[in-house]
Amino acid sequence: MKKPLGKIVASTALLISVAFSSSIASAAEEAKEKYLIGFNEQEAVSEFVEQVEANDEVAILSEEEEVEIELLHEFETIPVLSVELSPEDVDALELDPAISYIEEDAEVTTMAQSVPWGISRVQAPAAHNRGLTGSGVKVAVLDTGISTHPDLNIRGGASFVPGEPSTQDGNGHGTHVAGTIAALNNSIGVLGVAPSAELYAVKVLGASGSGSVSSIAQGLEWAGNNGMHVANLSLGSPSPSATLEQAVNSATSRGVLVVAASGNSGAGSISYPARYANAMAVGATDQNNNRASFSQYGAGLDIVAPGVNVQSTYPGSTYASLNGTSMATPHVAGAAALVKQKNPSWSNVQIRNHLKNTATSLGSTNLYGSGLVNAEAATR
């Protein structure tokens, strides 16, 4: 759906006998929450929306019950609707055989920790000396936006954060991530892993540093629709989402390499979406090549990169040092851009496997995955 949908009321063909004592007026006043409704197939989504619109704001589940829904977004490439409805109505809707799941549109946050190097450690300058700087490679930064900065060349983007139409960064996190990927090779500031890569600011997190699954899924959809080669997701949630997994899978099927932060709780399992099979999960290391104490690890961890005291661009044409797997992830996204420039015909899967195969082993795969990303070895 290419434009926002107004407030409407959904109906289903099911006849459900559920006691319903509230009036229509009181039902309309019930507090609604955001949900994601997954359907078994795309055609079912269209039929559901058509039925809703034809029902003229009256959803009749049975003689006793009506359900009011506000449609927020219909995804183009996955069979999912973003909606608002009363939690009390979820169980009734889930009985529709066309609906495969209904899940909360959960909050997702940045993976930065506190106020905190790594380009030389991943040996990016050696690749630069070979003429590999990420030229012609499109990298989408799904984050808090990217602020205008003399050390960054932002080529475009889009915002999927309600109430924040600008892609400018009101938080700082996204600007910092962008600099690690592609800070310019000029006379000022810092140097990125892929200084000639094309940066796209895809705003999916608000100024508070948090956002929703639906915003991130829309950002991934945008990345697929706009020919992005790499998508950096320095964000995550402890909770799985079927919608987010579908969005990752869809973007991957359209050629996007999805690179995501493993998480900052220090736990022995990684966060979502990094845990999904089609996302490249990145953990963080310190200056001694040890796992950063906060870096989540475990099954599914693909690779690690510097994530402690990482200096990069920041809003206000300034620079800052930050810690987090959020800071590690863009090192890998930048390295992917270098590999893509050298091997333009390679698929996202080939690039991912090559980065893992050329990483510097640091020990246990449980703690470090394939090892420390090595831009020099990856671009030989």
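Cβ atoms are placed via backbone N, Cα and C, with glycine included.
The active site, charge relay system annotation in Swiss-Prot covers Asp143, His173, Ser326. Sequence annotations record features per position, and here Swiss-Prot assigns Ca(2+) 1 binding site to Gln113, Asp151, Leu184, Asn186, Ile188, Val190. The domain 'Inhibitor I9' annotation in Swiss-Prot covers 34-111. Swiss-Prot lists 116-379 with the feature domain 'Peptidase S8', giving sequence analysis as the kind of evidence. For 1-27, the entry in Swiss-Prot reads signal peptide, with the evidence type sequence analysis.
With the fewest other Cβ atoms inside 10 Å of its Cβ, the least crowded of the binding-site residues Leu184, Ile188, Val190 in this structure is Ile188.
Looking only at Cα atoms, His173 (active site, charge relay system) sits nearest to Ser326 among the recorded positions Asp151, Asn186, Ile188, Ser326. Asp143 (active site, charge relay system) sits 10 Å from Ser326 (active site, charge relay system), taking the CA atoms of both as reference points.
Ranking the recorded positions Asn186, Ser326 by C-beta neighbours within 10 Å puts Ser326 at the top.
According to DSSP, the domain 'Inhibitor I9' (34-111) comprises 21 helix, 30 strand, 27 coil. With the fewest other Cβ atoms inside 10 Å of its Cβ, the least crowded of the recorded positions Asp143, Asp151 in this structure is Asp151. The number of other CB atoms found within 10 A of the CB of His173 (active site, charge relay system), across every protein chain shown, is 29.
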